[in-house]
């Protein structure tokens, strides 16, 4: 410091001012960065959870926070580019108007759409029924696809192409979700790779470099102690199981592998039963929910919710059976969670796929020749996009109701019984542990519904944001007041990465039904922004035809096979180059690690020689 002060005395005033300004600016940025950490959503709550229950459970709540932010951004995207322009033009704000174009070359029967909005005086329970089913007054609001039945918006002299904006906003939220998940997955993958590369290195990092010397608060120090304790406990537990696996005899291996094959056959049978039940229930619900005589009855509401109830029942029973069966397969805690998650993924996410397949089979099913000009069953589904949106809406609402009902009617009564009742059977059940795999699947299932349903219900991300915001506090209360720390703790680094991989599977599953709906199924001719197009995708080539000829040729050339095949080959060559480069780097790292081991042995040899010479 004295040397630096002596040097500054010989500097000019300009250089002294620049150095002082630079130091002041860095200090201000550091303070702003420190203050901004207090603005991070649920930062303090998540740190407390990490100290009390370990980094594995903390990773679940961090994952939940990520989904809240993701859904909020998707909502802002859809609202800004779809809902807001329509609302502005509808009420004539900024001298805006709506451009309606009548359907072209379409039979009149295809354009008949009369939403079941409530007219006149109705009973209060009718509004409740509409709120839970998405019909009635909700069907004619901006929540669903059928509300946006316009072709363009004129704001002063500027034409806003709403169909194109609707489609591009859909692609944008899917691309945003994909890139954000990939970005977070890469970080988790790097942490997972470092941890799995050398277990001894992981121990050294925790023992010698695990403490944060910036901690001055006693409570924060206690939380950090607990976090490190859980990390070491997890490592030791996994090493113990690996040692047990290595000591297995051939007879034990044969017994375990045979048992695993038998359990997997049971799992496949359970999945098949779930899929068939959902298909039959969906067909029954669609055929009987349009009964005009019982439109406002409780029975009709139950019939509409029948697919949601069966899917929720399958989602509840399936993971319980899988969690019971996994105990007999003798896996490590980390792999046990991953395998249970993968099985539950096939139950929850494939159930959504079966539901959509059942709906599409009903939409595309033309029993008579009269509906062939429309390309879909217009009598049962005059605006089929809104019907699919209502199914996604009901799935989300019912899933939220179940998540709130289970703590109220199961978790808290169980806690009271275990605390105040000395019955041996109740004490045998004991306090529940916080099931990470089940809770992660709950929110991934809801997020997949949101991704699929946003195209058919543009404001569904707003509902998802509110839902996950409430779920955070519900799960926090359950964790603190009704759960005990897990007997087999889970590491956060592997959990974070795997949670995102499963979420990516849900996103890829969402691509399939959305792609089919946009490119293959004829769009409704009675509602929505795409009623003048055979499919939703046709708005893209129709817009390109309005461009100059040179731009058209370039875009159509990029979409041709002559461009796609060389482009694919170049991408493959680049990918193989990076794979080869990664392998070369891996070999260099292994050589450097071996060199470090040899150098440490040389040091130990020299120390022994010096010690012997001194003796």
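For all residues, glycine too, the Cβ spot is worked out from N, Cα and C.
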Query raised in the report: If you check TrEMBL, which stretch out of 66-88, 89-111, 112-134 is marked transmembrane segment?
Result: 66-88
Requested in this report: Kindly point out the range from 12-30, 31-49, 145-163, 164-182 that TrEMBL annotates with transmembrane segment.
Outcome: 164-182
Report task. If TrEMBL is the reference, give me the range from 477-496, 497-516, 517-536 marked as transmembrane segment. Result -> 497-516
Report summary line: With the cut-off at Cβ under 8 Å and a gap of six or more residues from its ends, the chain residues touching the transmembrane segment (305-328) are 132-133, 259, 263, 266-267, 270-271, 274, 277-278, 281-282, 284-285, 336, 339-340, 343-344, 347-348, 351-352, 355, 358, 391, 394-395, 398-399, 402, 435, 437-438, 441, 445
Query - Secondary structure tally of the domain 'TMC' (383-493) (DSSP, helix then strand then coil) - result: 86 helix, 4 strand, 21 coil
Report task. State, in range form, which of 164-182, 257-279, 340-360 has the highest count of Cβ pairs under 8 Å to the transmembrane segment (66-88). Result -> 164-182
**Report entry** Criterion met for the transmembrane segment (257-279) and the transmembrane segment (164-182) (at least three Cβ pairs under 8 Å)
**Finding:** no
Query raised in the report: In the same chain, which residue numbers or ranges, 6 or more beyond the ends of the transmembrane segment (340-360), come under 8 angstroms Cβ to Cβ?
Result: 267, 270-271, 274-275, 278-279, 282-283, 286, 307, 311, 314-315, 318-319, 322-323, 326, 387-388, 391, 395, 437-438, 440-441, 444-445, 448-449, 452, 498, 502, 505-506, 509, 512-513, 516, 521
